[in-house]
Amino acid sequence: MTYSAILKSYGYTRDTMYVTIGMNCSTLPAIIWSFFCPFGFPVLGVMGVAFSTSLARLIGLMAMILIVRRRIGLHFSLKSMFHIQRTHLRKLLKIGIPSAGEQLSYNGSQMIITLFITFMGTQALAAKVYTQNLMMFIMLFGAAISQGTQILIGRHIGAKEFDAAYRRCMKSLYWAIGISLLSSTALSLSSTHLLTFFTSNREIIEIAATLLLLTIILEPGRSFNMVIINSLRAAGDAKFPVYMAMISMWGIGLPIAYLLGIQFEMGLIGVWISFIVDEWVRGIFMYRRWRSRVWTEYRFSST
């Protein structure tokens, strides 16, 4: 992850993609071999999968090290790992720890919501899993735009080009919302056919299709959040997204999910409405934060 982040920050995003593809392509045959084991070899099962995955990641790490040396000219040694500038470490942790806290808050709230869904029955839980599997394809667009924007804004901030950073975020925001809206609409229109790959249960398909219809409203809000949150992180303003995440997820999203999904017996539709409210409320506050330009005071380095 560290070497991948270094390459991405220098703009070599394709290299990380090629390494990841290579790792996956090398892991897949090993996984198949572990379970089917031709020519009389013993079946390794889960242990074989774990070993092949670890080996592929080790090979990927070696490839990343070589690419970093070739592309950027950075050479790391064991000695350099123990000579860390405390000022830089302090600033890195100042951004990194809040970012991890936001993800922790999200994962925690999702666990509680999943607990709510288990009370709705196995069909509701299956519909949630199938829907979110399909939603992952929409989220990829927003994630790609937000990560690219984060790299570009980091460069603008480092060069003190605050107006350029502001404009870059706004342009990326429009693109992310537009692409998410179009892709979620296309997914919703073809939802019935896609869901048949997962199940033949008509009730589960109907529930999941309704959730994918609501995704047309949900995913633009998620992309809204991802672009601005990553932009704020690039500018060094990492604490505000964490505070908003805790307030919105735990103070708004969870109560609405419980009230609509459990108390009002709306089921997964109520849960999805809570997702929509959470994403758009946070998005609006993130948008106001970005427009205020308070983030110009949070630069990582003044040199």
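Cβ coordinates come from backbone N, Cα and C, glycine included.
Feature annotations, reproduced from TrEMBL:
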type	residues	note
TRANSMEM	21-41	transmembrane segment
TRANSMEM	47-68	transmembrane segment
TRANSMEM	112-130	transmembrane segment
TRANSMEM	136-153	transmembrane segment
TRANSMEM	173-198	transmembrane segment
TRANSMEM	204-221	transmembrane segment
TRANSMEM	242-260	transmembrane segment
TRANSMEM	266-285	transmembrane segment
Cβ pairs under 8 Å between the transmembrane segment (204-221) and the transmembrane segment (242-260), at least three: no
Beyond the flanks of the transmembrane segment (112-130) by 6 or more, those residues with Cβ under 8 Å of it: 195, 198-199, 201, 203-204, 207-208, 211, 253-254, 257-258, 261-262, 267-268, 271, 274
Stretch with greatest number of CB pairs under 8 Å, the transmembrane segment (173-198) reference, 136-153, 242-260, 266-285 candidates: 136-153
Same-chain residues at least 6 beyond the ends of the transmembrane segment (242-260) whose Cβ lies under 8 Å from its Cβ atoms: 98-99, 101-102, 105-106, 109, 112-113, 116, 266, 269-271, 273-275, 277-278, 281-282, 285-286
